[in-house]
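Straight from Swiss-Prot, the features:
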type	residues	note
TRANSMEM	1-22	transmembrane segment
TOPO_DOM	23-287	topological domain 'Extracellular'
DOMAIN	34-68	domain 'EGF-like'
DISULFID	C38-C49	disulfide bond
DISULFID	C43-C56	disulfide bond
DISULFID	C58-C67	disulfide bond
DOMAIN	71-108	domain 'ShKT'
CARBOHYD	N174	N-linked glycosylation site
CARBOHYD	N229	N-linked glycosylation site
Amino acid sequence: MTITRILTCLLICLFIRIPAAGTKTTQLIFKRFTEETCQNDPCLNGGTCTPGKLSCTCATGWMGRYCHRKCRNIYKSCDRWAVEDKCHTILTQTNFFDVNCAISCKMCSPDPNYVAPEIPLAPALEPMQFFLGKWHSRASKGLRFPTDLYDTEYEEIIDIAPANVPMFGPPSLNFTSTSWFGDDTRVVHGFITLKPNSFPPEVAILSTSNEGLNMIELGTLKHHVLTLNVSYMQVHPTMDSKVLPLGATRRLRRVGSLLEMTVAKLFSENKVSQFKKMFKKIADYAF
């Protein structure tokens, strides 16, 4: 079994685990619009708010609860699902087909002049959309997540991009971190996913690096602040244990146009290393 399959199986087990006795899980539930809601008019791009409805009535070319996205299908199987009458036969059970197959299910009318990006952002991942892009940082010290560099300075690019949606399972974002100075290059590849209908959103990052470290980070997204804890580490025997933390927490949040990452790492003898980095966006992704 490959490392990717192992990490995926671990993620599924963590996300569908049975809650312990006495704990409560909160499910995201959308409330219907009220007269007061419609007075504030949350609908965008010419959409109409109607009391009693769950979403706005969108103008041509737009979709989403608030008409905030261009009208399009998210899944390539939408036309087939529509032929199988998936759009309406299970409408009372889920709104999956309404929001992910809006054109095929005739929930919106596309703009003929709009050229949609090849890879869309799945609606389930919209809480993470403000992290999308390529982010660059230049550090004056070797402090880094998950392991420090031996040099006293380095550069890093974090790339968070939409990924093709799977036929089954939760959608994800591609995640890549590249850090370098001279001949020392550290690369981390992985993906980010959210637990469906969780509130606040439960987030997981599964990653593997060219250092020989595989990780699972679990956390929550609250008020546009993503807090993650390392929940699983698989270490290659040849990896330098001196730079490997026993545990780590990192926090990502937007500060204006910048991305802030705050890290705390725990080492033996209760030694704690803390640092903060600021990233500037150098590229964006349309979705």
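First residue shown is number 1, and so on along the chain.
Just so it is clear, glycine is given a Cβ too, placed from its N, Cα and C backbone atoms.
C58 (disulfide bond) and C43 (disulfide bond) have their C-alpha atoms 8 Å apart, to the nearest angstrom. Away from its own ends, the domain 'ShKT' (71-108) comes close to residues 54, 58, 60-64, 114, 116, 120, 122-123, 165, 167 of its chain (Cβ-Cβ under 8 Å, at least six residues beyond either end). Fewest Cβ neighbours within 10 Å among the disulfide-bonded residues C49, C56, C58, C67: that distinction goes to C49. Proximity to C49 (disulfide bond), judged by a C-alpha distance within 10 Å, picks out C43, C56 from the recorded positions C43, C56, N174, N229. Cα to Cα, C56 (disulfide bond) and C67 (disulfide bond) are separated by 7 Å. Closest in space to C43 (disulfide bond), of the recorded positions given as C67, N174, N229, is C67, taking the CA atom of each residue. When other Cβ atoms within 10 Å of the Cβ of N229 (N-linked glycosylation site) are tallied across all protein chains shown, the result is 14.
Ranked by Cα separation from C38 (disulfide bond), the recorded positions C67, N174, N229 are led by C67. DSSP assigns C38 (disulfide bond) to a helical segment in the three-state reduction. For N174 (N-linked glycosylation site) paired with C67 (disulfide bond), the C-alpha to C-alpha distance reads 26 Å.
In this structure, the CA atom of N229 (N-linked glycosylation site) is 35 Å away from the CA atom of C67 (disulfide bond). Annotation note: N229 (N-linked glycosylation site) sits in a strand segment as assigned by DSSP. Within the group of disulfide-bonded residues (C38, C43), the Cβ with the highest number of other Cβ atoms inside 10 Å belongs to C43. Note: the domain 'ShKT' (71-108) comprises 15 helix, 2 strand, 21 coil (DSSP; helix = H, G, I, strand = E, B).
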